[in-house]
Amino acid sequence: MGEEVKPEAKEAASAPQAVPAEEEEKKKDVAEEKKVAAEEEKPKEEEEPQPPPPPPPFILYVDLHCVGCAKKIERSILKIRGVEEVVMDMNENQVTIKGVLDPQAVCNKIKKKTKRMAKVLSPLPAAEGEPLPPIITSQVSGGLTTVELSVNMHCQACADQLKKKILKMRGVQTTVTEHTTGKVIVTGTMDAEKLVDYVYRRTKKQARIVPQPDPEPEAPAAAQEEKKEESGEGNEKPPETGEEKEEEKKKEGEENGEEGGGEEAAATEEERRDNEMTAMAQEEGMKRMMYYYQPSYVIERIPPPQLFSDENPNACCIS
């Protein structure tokens with residue numbers, strides 16, 4: 001009876017061996033879960049969004065008259081928050097700004113602080129709303145006229161300012177200015193004399209109308225037909241023989257000898273007069289280009305007094 005082992009004791013002896021096996025399986029499951037979580041976290045870290053690239057610099061058009069204006073505008077722009085760098089181009093009246101800010105807001109601040117016209121050249125703002133209808137110019141009975149003026153302009157800024165003033169005149173459609181030649185071409189329905197007065201009132205610059213050459217009159221078709229008939233295209237004469245040609249030449253020579261060459265003499269006289277006129281015009285032009293020196297200062301050299309001169313002992317006497 002004492003040798004038999006109870007089944008309850010056997011179960012109690014096998015229980016401690018089963019517990020460690022379950023713990024090992026749990027540990028393995030936890031380790032696998034950690035590996036999977038680590039593998040999932042790695043691509044998330046790699047896929048983190050990169051910072052956006054800085055915006056490209058934008059270009060503004062501003063009226064720059066001189067170096068003082070440019071420095072004043074540059075200082076006012078650098079005070080705006082977000083501006084990193086400012087580059088001024090006085091030849092083209094352009095300002096390049098680098099920074100994170102709205103170009104239109106910068107334009108408005110420049111207009112408010114400096115009282116100068118400014119607009120965005122690049123990048124252009126997106127169009128809002130529906131596109132504007134095309135402008136239809138009214139048909140005037142007088143029609144368009146082109147007037148060429150001669151105005152003294154010192155620099156490109158003067159030319160731009162003059163163009164802006166002329167475009168505000170009623171009836172002006174297009175204006176082209178060239179400061180190198182002082183030429184201004186205006187197209188529109190305005191009066192030329194009123195345009196000259198307007199330019200002087202607005203800019204205090206003297207303008208002069210350049211006269212245009214008259215167009216060459218076209219020969220009518222009837223005159224061309226008469227010339228053809230006179231040349232003998234319609235009525236062709238029979239060919240002349242050699243003897244007849246010689247006789248005609250002799251007759252022409254005798255007539256020219258009797259008349260004394262009137263037509264040729266008149267032609268040579270006109271050429272001589274033209275040559276004299278051109279020579280006189282050239283001489284007058286050379287006189288204008290000559291430099292006349294100022295008259296020299298004349299010094300009158302008075303002879304020395306002869307009162308106490310050794311050369312003339314009779315100049316003085318003591319009585």
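Just so it is clear, glycine is given a Cβ too, placed from its N, Cα and C backbone atoms.
As recorded in Swiss-Prot:
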REGION    1-57  region 'Disordered'
COMPBIAS  1-11  compositional bias 'Basic and acidic residues'
COILED    21-48  coiled coil
COMPBIAS  24-45  compositional bias 'Basic and acidic residues'
DOMAIN    55-118  domain 'HMA 1'
BINDING   CYS66, CYS69  metal cation 1 binding site
DOMAIN    144-208  domain 'HMA 2'
BINDING   CYS155, CYS158  metal cation 2 binding site
REGION    207-282  region 'Disordered'
COMPBIAS  224-254  compositional bias 'Basic and acidic residues'
MOD_RES   CYS316  cysteine methyl ester
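Summarising model confidence by region, the domain 'HMA 2' (144-208) averages a pLDDT of 89. DSSP assigns CYS66 (metal cation 1 binding site) to coil in the three-state reduction, outside any helix or strand. CYS69 (metal cation 1 binding site) is 14 Å away from CYS158 (metal cation 2 binding site) when you measure Cα to Cα. Taking CA atoms as the reference points, CYS69 (metal cation 1 binding site) and CYS155 (metal cation 2 binding site) are 15 Å apart. In the three-state DSSP reading, CYS158 (metal cation 2 binding site) counts as helix. For CYS69 (metal cation 1 binding site), other Cβ atoms within 10 Å of its Cβ number 17. DSSP assignment over the domain 'HMA 1' (55-118) gives 24 helix, 19 strand, 21 coil. CYS158 (metal cation 2 binding site) is surrounded by 17 other CB atoms, counting those within 10 A of its CB over all protein chains shown.
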